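Everything below concerns the one structure shown next.
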Amino acid sequence: MNFMVFAVLVAATTAIIAIGLALLPTLSPNGVVLGVRVPANQADNPAVHSALTGYRRAMITVGVIATCVAFVGSAYPPTAIAVPAGLLFGFAAAYSTQRQHLLRAKEDQGWFDGLHTAVSGRVARTQQEPSPVLAWALVLCSTAVTGLSALVVASRWDEIPAEFPTHYGPSFEPDAWAAKSVASVFSLSLVNVAVIVLLAFFAWLITSGRVSRRADRTEDGLRRDIEAQHVGLRAAAVLTFVVVTGLAALQVVMPLPQFHDLLAPVTVAMLTLTTVCVIGLVASLVRVRVSSRQHAFATGAVESPDNDEHYKWGMFYYNRDDPAVIVDKRTGVGVDFNYATWQGQAFLAVTLATLVGGLVFAFAL
């Protein structure tokens, strides 16, 4: 029974990731389709519809296959690498193929020829910007929960055996153990601290006005993007709190033998709530983006300039002449680096090193 629940949760998680990738064009700023700058008067162009339809069909197909593989192969460790790799490869193939179709149509038909564009900016925050209170409150709550779980474990240090299970299989039977030490016992608390610090960092970036807007640089576009950023921040804060609370519960359950019977219900509850939160996050962002597009079309907003040349693969901002370090994401919602700066290149190097190190560690096991 536990194995079936685990398999269903793994398959559901895979399906949600695939759906999120399929909805990625909807989550992007106005006037950006598959990483290509598209003016409003070309939104109904057959080339745009064809590219979006082809991309979504491909991602749905890849998602269905990946979900089935995840469900059937959830008991086999290699599946944990094969499924995400398959989703990533399918996304890259669908995205790059349809993006090239759009770029050719844009160049052949001269979508920006003679089109009036404008650039706007802000020198100060406005009173109309959303409040970040909820996000910061959840950062504090997550910190408190993490601290409480660590205190509970520390107060029962003598009850922890010299060797305790650190990993469980699909049937919630232990399959890996570690010697008792501060690092092994409090590993989940350390993960929680890293997650909380990351959330706090992005909350600070978004609410401090340090993010330079480059995807849509009109005044109306700036306002809509700020709204989407704050909606995403609030939803991400809720998701982080759920994940941190689940890991805090596991922090108590895993090293203390008297609580091992609670492992399965705690894990299932955490994964279920996380899945629900991810669905809510995607739904809220889709709602905001769709609403902003409808408003832009209704008001006939001025176009932002075409700046495709400053984006690598339509995703990564690279402009040596721009001093901005942190910019808004062009594909999806969030923040990213200007990869022409040393900070962006350092972030990229650390990210690649982490990914390679994780893969090497996984295969070494």
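Just so you know, glycine gets a Cβ as well, placed from its N, Cα and C.
Your range for transmembrane segment, going by TrEMBL and the list 4-22, 346-364, is 346-364. Ranked by the number of CB pairs under 8 Å to the transmembrane segment (231-250), the listed stretches 59-92, 133-157, 177-207 are led by 133-157. Note on the domain 'DUF5808' (320-344): its mean pLDDT in the predicted model is 83. Counting Cβ pairs under 8 Å that are 6 or more residues apart, the transmembrane segment (133-157) and the transmembrane segment (177-207) reach 3 or more and are in contact.
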